[in-house]
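Pulled from TrEMBL, these are the features on record:
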type	residues	note
COILED	328-355	coiled coil
BINDING	G612, P613, N614, M615, A616, G617, K618, S619	ATP binding site
DOMAIN	686-702	domain 'DNA mismatch repair proteins mutS family'
Amino acid sequence: MAKSRKETPLMTQYNSIKAKYPDALLLFRVGDFYETFGQDAVKTSQILGIVLTKRNNGDSHTELAGFPHHSLDSYLPKLVRAGLRVAICDQLEDPKTVKGIVKRGVTELVTPGVTFNDQVLNSRKNNFLLSLHQEKGKYGIALVDISTGEFLVAEGNLEKLLHILHTFSPSEIIHQRSVPIPEQLKTRSIFKLEDWAFQYPYAYEKLTAHFKTNSLKGFGIEQFPLAITAAGAIFAYLVEDTHHALLQHITKIQLIPQDDFLMLDGFTLRNLEILQPNHPDGKSLLDIIDKTSTPMAARLLRRRLILPLKSVNEINRRLNLVEFFSREEELRFEISELLKTISDLERLIGKLASEKISPKELGYLRSSLVSVQKIRELLRPFHDIPAWIEPLHDLSEIITFLQKNLQEELPVNLAKGNVVREGVDDELDALRNLQQNGKNYLEEMCARETERTGIASLKIDFNNVFGYYIEVRNTHKDKVPQDWVRKQTLVNAERYITEELKNYETQILGAEEKISALEYSLYRKICAQVLEFMDDIQQNSAIIAQIDVALGFSLLADNQGYTRPVLNEGFAIELQEARHPIIENSLPLGEKYIPNDIFLDNETQQILMVTGPNMAGKSAILRQTAIVCLLAQIGSFVPAKHAEIGILDRIFTRVGASDNISAGESTFMVEMNEAANILNNVTERSLILLDEIGRGTSTYDGVSIAWAIAEFLHGHATRPKTLFATHYHELNEMALTFGRIKNFHIAIQENKGSVIFMRKLLPGGSEHSFGIYVAKLAGMPAKVVSRAQEILKILEASRSAESTDKIKRVTEKNLQLSFFQLDDPVLENIREELTKIDINTLTPIEALMKLNAIKKMIGG
Ligand SMILES: Nc1ncnc2c1ncn2[C@@H]1O[C@H](COP(=O)(O)OP(=O)(O)OP(=O)(O)O)[C@@H](O)[C@H]1O
């Protein structure tokens with residue numbers, strides 16, 4: 001048995017609290033410091049770069065690392081960003097009033113997905129906590145951003161779950177301890193909750209109690225029990241585990257609709273560089289199009305970008321607003337100046353509700369509301385606006401209230417005081433008066449007493465031992481009046497106190513404490529009053545975000561020459577002079593992006609087989625087509641001279657041999673997995689980009705797979721629109737046989753062994769890849785380049801023209817490969833039977849009987 005060890009009482013208290021938070025790093029308040037012990041101390045010192053020391057603990061030692069309590073704001077984010085959950089343990093009593101050990105307890109658990117801390121949060125990004133509940137292969141999902149109050153739920157299969165993961169990128173996931181978590185989620189920050197947190201009745205009760213409703217019908221989620229269960233676990237986690245009980249800013253729970261959005265999978269998001277560039281110094285699509293001023297709008301834009309709409313009407317409502325701002329330039333200028341003065345209303349309300357708002361922040365809320373009010377006034381004369389967005393609420397009442405109650409300049413720290421305005425509270429005014437006028441009062445008293453006693457050298461002063469006193473030099477001792485009480489005798493002087501001075505002292509010394517207690521309670525009252533307007537402020541914040549996004553889009557359109565797209569319910573994509581928004585912004589000075597036209601539909605031109613030399617711009621064409629459609633469906637103008645787009649419901653992109661070594665899978669395997677996923681999920685409104693699919697294996701395998709995929713997509717009942725970039729010129733043969741496959745190439749000009757890239761997409765296939773030329777451009781040794789040219793010549797000569805002919809023959813055969821060409825004798829009989837039938841005289845009954853006879857022939 002281990003020898004029992006002696007601990008100090010402080011460490012015993014520490015250990016008992018730490019035992020309740022084994023997964024968290026415990027910041028233990030001791031006096032003016034937050035201390036960490038043992039393994040927590042080792043981690044803390046490494047992450048924060050602070051000194052690791054040892055502390056005596058009874059008959060042993062433990063590691064210790066600590067920092068002053070006022071450094072919490074700067075150190076906490078570093079710990080949380082390092083992926084740690086941090087429990088903040090505070091002193092729950094005033095040490096001065098307690099004998100022995102102070103009572104301590106955890107007052108907040110900050111985790112990657114649950115925080116209000118501005119240093120941990122990114123203002124242009126939501127910070128979601130995802131709760132996952134699973135039953136029989138179905139998932140209930142709930143997401144909360146506690147900093148903004150957004151609360152979303154969904155229910156569905158694994159694909160839906162993965163889509164939500166890619167879309168909302170939660171910082172933390174909670175799930176039921178006893179249920180295994182899907183493989184795809186394992187790399188995330190995960191916290192396991194006990195089974196009781198994932199019970200439907202508990203969840204239902206918690207949610208209805210929070211929203212003060214009888215049922216969840218009003219939120220449209222009643223029929224999603226798994227989602228409700230997941231949402232209930234969020235409450236358990238927030239309230240029980242992380243001590244966030246003040247959640248009144250979460251005012252609704254919203255269903256993420258199943259079918260309202262264009263689906264973009266994780267690969268497509270990455271490949272099109274929608275949120276993140278593929279190179280560290282590159283730009284994402286979001287970087288290019290984000291011209292918003294407010295953090296709420298930045299977050300809304302991000303959300304819209306990954307959840308593009310499918311409703312033509314909804315998209316047009318958004319486009320109308322963009323067009324409106326492009327038309328009304330003067331108004332746009334005035335509003336955009338005001339938007340710059342609006343703070344993060346959504347997060348300020350979150351802080352207000354959770355009682356974490358500082359006076360300075362409340363001041364920001366006030367000035368933001370003033371700007372919102374001005375925008376409201378500016379928009380009022382425009383009668384079209386209400387058809388596109390909800391009108392802004394009138395908040396003049398709460399603005400006036402805040403102006404009347406709060407000082408102009410406000411401190412960060414409430415304890416600094418001077419938060420509440422004069423005239424709000426009589427007692428506060430009197431106390432402040434006393435504090436400020438104390439000096440005058442003493443001077444006045446001093447003058448009065450001098451006159452009364454005739455002691456010219458009389459002075460009034462203060463020390464910490466005796467408080468206020470009147471000092472009289474010994475020479476004037478005899479003039480001291482009866483009512484003065486002697487306090488102290490010095491060598492040359494005597495010190496006295498009077499009734500009046502004593503009263504003054506009690507008042508002035510208590511005033512400071514009273515002022516701060518009064519200000520504290522008045523501040524809480526002011527906050528509570530603002531909270532009464534929470535719904536309207538939250539709604540205004542959401543409307544401002546929409547205005548800001550639309551206004552930003554109109555600025556973008558004007559700066560970059562974008563035009564309003566035409567959306568329709570058809571199946572064609574017709575783009576004139578379309579451009580790639582990211583590439584056109586990253587070209588070297590003086591180089592111009594060359595626009596291109598694209599036409600795709602389900603009837604005549606379903607698959608474009610795009611060939612062209614390396615570096616010609618094939619990928620650019622593919623991606624710009626998808627990006628233009630995507631921008632149109634989020635309600636933005638687009639980089640094209642004209643765009644008509646039949647609504648898309650999915651964009652798939654796959655790039656051959658994308659490097660995925662870090663995931664430990666064969667690159668080719670990944671490529672095939674992803675291609676298989678496309679083939680199994682296409683719809684008639686899908687747009688598919690296949691960029692050199694098949695190149696991850698040998699040429700023959702690659703050509704065969706690429707050919708078979710193109711053939712499959714062409715033959716698929718949904719006829720998904722596809723852009724196929726390839727170096728396999730053999731694929732150009734397909735257009736001869738498959739009517740909706742069209743060949744295009746990207747033009748180049750050859751001039752005495754060098755190549756000029758024209759960047760123009762033209763009809764017809766191309767002959768060469770110019771890979772060797774590109775290798776030469778890249779600085780490959782001349783010897784290697786010339787040898788490669790020799791080998792290419794030999795290979796091209798030996799590549800029998802027969803091979804492509806063969807594919808053609810097989811294809812043609814496949815196409816005609818019908819019932820009647822099979823050699824089976826039974827089928828031969830059927831053929832005979834069928835040819836004997838005279839359709840013109842056959843009655844329906846006879847037809848049925850014939851069919852039955854034929855069925856019998858094949859044993860049916
Ligand atoms: N239309 C265009 N106008 C101007 N520059 C362009 C255009 N298209 C592409 N480029 C430039 O050419 C570069 C190469 O384009 P891209 O990657 O699309 O070529 P690719 O044909 O797919 O090449 P590879 O076959 O080697 O993958 C781009 O990074 C861009 O700088």
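Residue positions begin at 1 at the first shown residue.
Placed from the backbone N, Cα and C atoms, the Cβ positions cover glycine too.
A map of TrEMBL features onto the structure.
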residue: G612; record: ATP binding site; CB count, 10 Å: 28
residue: P613; record: ATP binding site; CB count, 10 Å: 23
residue: N614; record: ATP binding site; CB count, 10 Å: 16
residue: M615; record: ATP binding site; CB count, 10 Å: 17
residue: A616; record: ATP binding site; CB count, 10 Å: 26
residue: G617; record: ATP binding site; CB count, 10 Å: 25
residue: K618; record: ATP binding site; CB count, 10 Å: 24
residue: S619; record: ATP binding site; CB count, 10 Å: 20
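Candidate binding-site residues: P613, N614, A616. Those with a Cβ under 6 Å from ligand 1, in sequence order, are N614, A616. Per-residue confidence over the domain 'DNA mismatch repair proteins mutS family' (686-702) averages 80 (mean pLDDT, predicted model). Listed in chain order, the residues near the ATP site other than G612, P613, N614, M615, A616, G617, K618, S619 are A725, I746, F757, each with its Cβ within 8 Å of the site Cβ centroid.
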